[in-house]
């Protein structure tokens, strides 16, 4: 069937903020879908609360709603836009859940809108575990024995039948949230208790354990004519027990015979038919008992998933794009294969290379968290690598993680630990287990022993044995032996690894390699193993004989991406890289993207003229640049958009003679190097908080005592506030050094910056452009939390809502002074604090910041695009003249402009201590949020309310509020709490806070502190029990300096675990209280396009005013 | 453990690729072809259709799951030589009983590893399948010119009849499984074990005949149907088999053919056959069933194809009535199946028995069974729905 003519407009539901288990892969899939639908002439309406996404750029839809993804908001959009259909399968579990809600509330029926991609019945069959299990059995396939429980007691009963250990999986949650293995009844009670809470249907599935089985995934697509293809098979190197998102995975599957593979394929096709995914993709997970081949179907997702993004990048088959076409009626054989152009999409890609994905974890951000990997996903990002063999792909992927110790190494003896100790460590899956396995093999463990400990397939273990053997050969051979170098390169060894093995430097190995002509070639990802010519330049390196890079005589710009997502460096940077690619392509340059993150839009082969899927290390980047320098003119490399990853390569690239575009590496140093930066501030007449530099504990104490406590300590050259803390005294400072020891973040070449900490200051974030003569403010953001909380974790508002024109004028002047002093060409981000009327400069970063997409969305200023043009020599004046930049910059916001609020989304719920408690959720100078949402409306309270709704599902309008604040906050809470009482909330407090409130005339119920324990005689519970019992609706708890942290911790942990709104700063509380009135009316929705029209009009009026003012 | 013994892969156009010795040592010659399946190397190696060919796998890792007895498609490895990039050093599968390396050595199959198989594939894709040789052990030391001369002395695939090398020497029977509905005479031109099993599963006593069998010998069995298998060689060099087929069709016996059996039906009906530039060898090949509009992902292994009009109904030049092209390749429009409208005969160019490959086309065995049972070919009788059960 060709395209359906009855579908003229489609509402696409996005996936909301980046959270663990649902990251920017859905920006990639959603962006593809929006593009395809518009190409097909369909009017696209989009809802997504995440401003950091490409898909929410107004260019990608006809009507873009940056609004909370709730059924009520979507109903408002449906009522306004009247779409013919809703596409819910490309926005992850969030979109699917929203679709289910819309169905349940009768909205689809009311407005006569159809779900396309998957209908309600199909979603339900795939997601409801009991229905799915029966369906699998009907298909003749097998499932793990299981029971459904709705209460903890029921679960304990079923456990007698299934035996321990057993698996607990809550229904309808994403990323395996709330699931886990229970080895004992106590564990079962805890996991089931949590799981019942997480599940919107209050049910959990209990299953027999298949721990240690081999795990596989298939990505399938089906069209309206029932044509079904398997796009990709994926094998998990880590066996069952580790969430697939946390596993090292490989595509294609490497340890299956054809019979076994075809059996999985047959089961998969039967299931996609039985579930009834009519048009689009689905993902099915299998487990295979390695001893006898018994196959169990674990689960299926009737939608595009994280794995489908990986499969798309791994094969070159764009699943989301094809899924969108199928959804509007096309058949697979009617859609051409993008890469070959001559063959149809109704085929199964075949690979002549190996793809390895490795997860990126952030346990260093949550030191208290138990780092054991389970069926609950904990990784925050991933890196993918392509190699002609597994060893190469694995080693490339590991070095793509950019993390100390993530690559295989051969320093000194295998380890301090013995073989048996290493095997015992490897038996527990954790971040970095693969390196422990390598060390155990070095220490003499056999393949069988490692298999017994880890259940990793012996084939994968032998590949590490092979890598160790190659390392031995490298170590034993003369420095200039070409054969050994080639052998090492064919197994993915980096120059750094080879240098370490031969006791020399990376540069020397590189020089020897160049001398011998040992250089990589670049192969193409073509979906067909070379059977047909590929037209899409999607490349990866290999030390093979033939390169496939087509010469080009154009002017080229290389853009370095930001690598795997991590806390502090996420989708925001990819946004900037993609924008640079678009803008430079429009300006006539050939754009060349280098990145290793499979989740992103930047690694879509459609984004840039050429894509190199390579690690972002100096060696790998230099080789790509060498390959591209063989033809055309290399104008330069863009390093300031890819976060610290790209910026960190600037010096090395420049030293190798590669032109760096925009701000020079020397200027970047000026901003990072404390002494030099102080000089710039002096010259511009600007103040920084009193500060100093230290390299160890002793010097730090001297500096801190001179400045006076509290101090803010901050390692240089880090992103996301890594290692940043507020320290109140010398013993705490000593403790700090103990904790960061061995992390390599403070040392002789990486000094520690020590700043006077400004209490009660307002923090201001500025993003600006500078071309050498003119400064253009992108936006001035005011943080809602006071200084001391990382800007990434703080909510902020644009335009500022409490800053006067005087402060804004000073900020603007200061920004110009810094831009001139540093010598910025492109983007600059400056953080200021205003305390007691004094403007302090906290730090300046001559690069794209995390807030670039937010500013661009809020004010309609394409900062990253403009920055990339400035980097290739265009002036701000020219960009204004061509209309890329509005005439007035972001420091001038019209009086009636809407207010945008950015709110951070935090992952505390994912991380548990060894005792099973949620880790502490107090905000601090080290960033821990994974993503953000934006609320935009006509005033701050409404915008803030939307941001809360989008981030946390909104605030309750009635119920009980628990208040417990530190002494210094007691004055400030009286008014907001009074307002809460007037709104009808019941106020609970512990004794100290209750005293203050009661004396201020606020009736307060006193509850017991956690440390007091339950009063058994009077059956009086503690506050923690009340929260656990669901009797508290909002928790307000501010930590008090250094002491009494423990009591607060239990309260916050309980609040997070119970999913209750938690305010840890008074500023947040004030904003929330102000927003209640806005919420009562419900939300009105406005598209970004409507805002743009309004803004254009009011900017015109503002321009007239400015002109009139200038004329006077 | 790291192999360093050299070997060289030499193409008739003078291209040389140095790699490492793999499998048996020595020299071997054949037509260089590439196969793109990511699974099923054991089925591929033991498929008689690959006789006379040096098979290069585009998937880099080969041998990971070892070998076993169940996945053999015939009694031995038929390929003339084997080219891979990264052979497995260990065997990992619960069904494995031997390593692939051991099987290659035992089968005296000379192989080579460490080759940039993608570069060679791209070369064959543009230059076409060609004669080639692998030299290892003492033969590696021969001069490049001497090696090239030896390669060029080898036989060209065009015009070659290889049926006698792969066929069974004596007739044998595979009894029907379950309810017997008749017998099928299978002319063994290189038949695979799975094909015989699927026919027996459909209730046929399967009588496997040597390729040299005459019309009289076939008809003497009074079979319910005749089946021509896949096999190696140029169909144009198999006029004897074509003659037998024409005779049996005229006797009114229903016919089903696979692969080589499709090319021979084409020739029996009076159409020509021709050599494809580099053939179709993979398990991901999309084929459109024009009678149903459905797409099948098929397993293919053919270097020749039938030259028949793609559109509409054509009169058989050899007088068998109306014929139509029932299946075409969606990649390049090559004829993938033909169907007679006035006699009970049909055939496909691809492999419904798969092994290796997807099971999308298994319905064709059901369609064959129905044709024999009802005496007419009805394309609606069995559809894809039954394929994967």
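Including glycine, each Cβ sits where the backbone N, Cα and C put it.
TrEMBL annotations:
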BINDING   A:129, A:169, A:175, A:176, A:208, A:210, A:215, A:241, A:242, A:243, A:285, A:299  ATP 1 binding site
BINDING   A:285, A:299  Mg(2+) 1 binding site
BINDING   A:285, A:299  Mn(2+) 1 binding site
BINDING   A:843, A:845  Mg(2+) 4 binding site
BINDING   A:843, A:845  Mn(2+) 4 binding site
DOMAIN    A:953-1098  domain 'MGS-like'
REGION    A:1-402  region 'Carboxyphosphate synthetic domain'
REGION    A:953-1112  region 'Allosteric domain'
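Feature annotations (TrEMBL) mapped to structure.
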| residue | record | DSSP class |
| --- | --- | --- |
| A:129 | ATP 1 binding site | helix |
| A:208 | ATP 1 binding site | strand |
| A:215 | ATP 1 binding site | strand |
| A:242 | ATP 1 binding site | coil |
| A:285 | ATP 1 binding site | strand |
| A:299 | Mg(2+) 1 binding site | strand |
| A:843 | Mg(2+) 4 binding site | strand |
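Remark: secondary structure over the domain 'MGS-like' (A:953-1098) totals 73 helix, 21 strand, 52 coil, with classes taken from DSSP. A straight line from the CA of residue A:215 (ATP 1 binding site) to the CA of residue A:299 (Mg(2+) 1 binding site) spans 11 Å.
Candidate binding-site residues: A:299, A:843, A:845. Nearest to residue A:129 (ATP 1 binding site) by Cα distance: A:299. Looking only at the binding-site residues A:208, A:242, A:285, A:299, the one with its C-alpha closest to residue A:845 (Mg(2+) 4 binding site) is A:242. The binding-site residues listed here are A:208, A:215, A:299, A:843; among them, A:215 has the most other Cβ atoms within 10 Å of its own Cβ. Residue environment of residue A:129 (ATP 1 binding site) contains 21 other Cβ atoms, counted within 10 Å of its Cβ in all protein chains. In sequence order, A:215, A:216, A:217, A:244, A:297, A:298, A:299, A:300 are the residues near residue A:285 (ATP 1 binding site), counting only same-chain partners six or more apart with C-beta under 8 A.
For the pair residue A:242 (ATP 1 binding site) and residue A:843 (Mg(2+) 4 binding site), the C-alpha distance works out to 40 angstrom. For residue A:843 (Mg(2+) 4 binding site) paired with residue A:208 (ATP 1 binding site), the C-alpha to C-alpha distance reads 54 Å.
For residue A:242 (ATP 1 binding site), the count of additional Cβ atoms within 10 Å of its Cβ stands at 24 [all protein chains shown].
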